[in-house]
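A.B. asks: Heads up, here are the entries from Swiss-Prot:
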- 483-492: compositional bias 'Low complexity' (COMPBIAS)
- 510-539: compositional bias 'Low complexity' (COMPBIAS)
- 556-568: compositional bias 'Low complexity' (COMPBIAS)
- 754-765: compositional bias 'Polar residues' (COMPBIAS)
- 783-796: compositional bias 'Low complexity' (COMPBIAS)
- 44: phosphoserine (MOD_RES)
- 448: asymmetric dimethylarginine (MOD_RES)
- 448: omega-N-methylarginine (MOD_RES)
- 460: phosphoserine (MOD_RES)
- 546: phosphoserine (MOD_RES)
- 563: phosphoserine (MOD_RES)
- 565: phosphoserine (MOD_RES)
- 568: phosphoserine (MOD_RES)
- 578: phosphoserine (MOD_RES)
- 608: phosphoserine (MOD_RES)
- 811: phosphoserine (MOD_RES)
- 475-591: region 'Disordered' (REGION)
- 702-733: region 'Disordered' (REGION)
- 754-815: region 'Disordered' (REGION)
- 806-811: region 'Required for interaction with ATG8 family proteins' (REGION)
- 169: site 'Arginine finger' (SITE)
- 204: site 'Glutamine finger' (SITE)
């Protein structure tokens with residue numbers, strides 16, 4: 001028997017010191033201690049009561065109101081179920097395991113649990129127990145009859161062994177999934193589902209969909225047991241959160257989830273193109289994934305990349321297509337496992353909260369897929385094939401997983417969801433490049449060949465060809481035609497048959513011709529073998545190199561010939577001295593070395609060009625972002641400036657002129673952001689100017705000579721014009737651009753920025769437009785444009801006749 005707490009006290013221990021309580025004592029036996037122990041027990045009771053109160057408060061906030069389901073869904077989308085102790089119940093509501101009517105919860109959950117018990121009893125059987133009730137001719141271990149329990153038992157054993165093999169690899173970093181009872185639950189649920197769905201059976205990856213469900217149920221059960229230690233929970237809680245039915249509830253939730261995910265695991269092919277005409281007229285330049293029958297998951301990931309990604313980021317879409325990274329490489333795992341391997345388990349549960357809360361058909365998966373690509377888009381665009389593959393197959397850790405959900409919601413419906421904060425990702429690209437290289441090396445092991453082996457094979461083929469040709473050229477003293485191939489038949493036929501009396505005179509010529517024929521017959525197979533060798537090498541390079549940049553550049557190399565051309569020489573003529581066979585061997589040997597060196601140089605050049613292209617793509621992406629930002633800022637500024645100008649003109653203000661002048665300056669900034677005005681870089685170098693001023697020749701795109709003539713012409717015109725005071729400064733007048741000539745006819749302030757009707761000086765006086773000293777000289781129109789501009793002083797650079805819209809790149813020589 002266990003001794004009391006007072007009897008187990010150490011003799012040297014003081015009475016005021018706290019004493020540990022034996023955990024095997026019941027709550028009633030704990031009250032038998034001394035006063036200090038009673039005080040400690042009361043404190044623990046208060047703590048447990050506080051825990052139960054917070055537990056009940058969370059239950060009431062989630063489920064005790066009329067519109068509770070909408071509240072729970074919103075919390076799931078907003079990521080507020082991360083620390084919830086009722087996440088499993090929320091998932092049951094999202095997956096329609098529990099009805100919306102709370103009065104039917106208990107009856108529905110009991111029905112589902114009884115359903116799983118019957119399924120388990122049917123499919124998980126022991127043939128030894130039913131041996132006495134069956135015919136032994138059919139029911140025996142050696143029977144192959146379909147109705148034999150032993151035959152079914154061995155088939156089930158094979159299926160269970162395949163499931164157990166995957167279950168052992170489920171979340172190996174977590175101790176929870178290494179427990180035998182948890183593994184048994186995983187195996188039984190997956191086995192029962194496979195037997196209930198014979199058309200699908202079990203597919204690899206299903207265990208990673210079931211594991212988070214079991215983990216969530218286990219956490220909620222532990223929280224329930226902890227909260228029920230201090231108080232008595234309701235019968236509804238006891239029924240829904242009973243730990244004895246963890247396996248039953250997991251099967252019900254997993255079955256509902258697979259109602260949507262079943263097509264993603266199905267291997268049945270569906271051919272969208274049927275009919276005889278499709279076979280006769282195939283699609284030209286179609287990708288391999290677009291031809292022939294495909295499974296549903298392949299169609300889904302192709303649509304995500306070809307439509308969603310192309311819509312939201314055309315640059316990233318083109319980059320992945322240029323690298324030939326098909327979405328099946330990484331997308332199959334992303335979608336099938338609901339991103340189970342891309343995030344840590346706690347972050348994964350938050351993602352599943354949003355996916356389940358959004359809709360039962362999991363339509364948010366497509367946009368989470370796209371948001372994940374956009375999160376690492378800068379790293380992908382600036383990387384080559386290996387690094388991109390490493391990033392996609394080993395997705396980096398995200399600091400705030402909820403920002404990814406907000407991005408996905410914004411991509412789907414930007415009107416209802418605000419734009420999330422811009423997040424930057426700066427990974428260690430060397431790490432992902434190494435991971436991508438490992439993946440590529442595994443796939444290239446059988447495809448890559450050594451260059452030395454290629455040369456050895458080609459040389460052996462050449463020597464073998466020479467042995468076959470050498471017997472044909474042996475009879476050199478005969479006067480008949482020398483047998484040869486088709487290319488030399490015309491040449492041999494041109495030699496007439498000589499008599500024995502003419503033999504001494506033509507003996508030397510015949511020997512020379514026979515040597516030439518032999519050399520020609522030896523060199524022609526050598527050229528053919530070298531060309532065949534280069535073609536094989538290019539094919540191996542095309543198989544081994546996955547980047548299309550390398551393919552396009554590798555095919556432009558020219559064929560190198562190691563021997564002089566003989567096909568162009570006419571038959572019957574005396575040839576110049578051809579190289580002997582030994583020289584030909586040396587030339588072929590050194591040409592092979594030269595080809596290997598040129599190949600290494602070509603590969604080095606390709607790598608440098610790839611890096612340059614990656615940098616150009618990255619810079620082009622930044623330029624596109626800046627361009628979009630400037631246009632957006634110009635659009636918003638235009639809208640607000642029009643509103644401010646309308647209000648100012650309607651009110652009689654004391655300093656109205658100064659406000660209008662400031663508005664004109666802001667319109668100049670708007671035009672610079674929009675690209676209507678050229679921005680001179682020298683304005684920043686001249687000093688810290690408080691105001692952006694535009695010179696008279698600001699809109700001239702010609703050289704410095706023409707630009708220097710415009711201010712002088714402006715000064716002369718201003719001095720000759722009557723009624724204009726000579727004490728004005730360039731700051732007295734602000735040139736306001738107008739958007740379009742047709743805006744005057746539509747009336748003032750019709751939704752876009754309009755020019756001011758008068759040019760106002762800083763002194764507050766209004767001046768007539770004829771007194772403006774600002775003249776516009778078009779260098780393309782000649783001097784006449786200077787005088788013509790005086791009649792239309794309000795012309796602005798926004799007119800299409802004088803400039804082009806958008807940004808222009810100004811070289812330092814033009815400034």
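Placed from the backbone N, Cα and C atoms, the Cβ positions cover glycine too.
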A.B. asks: Just the number: how many Å between the Cα atoms of residue 608 (phosphoserine) and residue 204 (site 'Glutamine finger')?
C.D. replies: 41
A.B. asks: Measure from the Cβ of residue 169 (site 'Arginine finger') and count the other Cβ atoms within 10 Å, all protein chains considered.
C.D. replies: 11
A.B. asks: Compute the C-alpha separation of residue 169 (site 'Arginine finger') from residue 204 (site 'Glutamine finger'), stating it in Å without decimals.
C.D. replies: 11
A.B. asks: Go through 204, 608, the listed recorded positions, and name the one with the sparsest Cβ surroundings, counting other Cβ atoms within 10 Å.
C.D. replies: 608
A.B. asks: Per DSSP, residue 608 (phosphoserine) is which: helix, strand or coil?
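C.D. replies: Note: residue 608 (phosphoserine) is helical by DSSP.
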A.B. asks: For the region 'Required for interaction with ATG8 family proteins' (806-811), what's the mean pLDDT in this predicted model?
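C.D. replies: Per the prediction, mean pLDDT sits at 46 for the region 'Required for interaction with ATG8 family proteins' (806-811).
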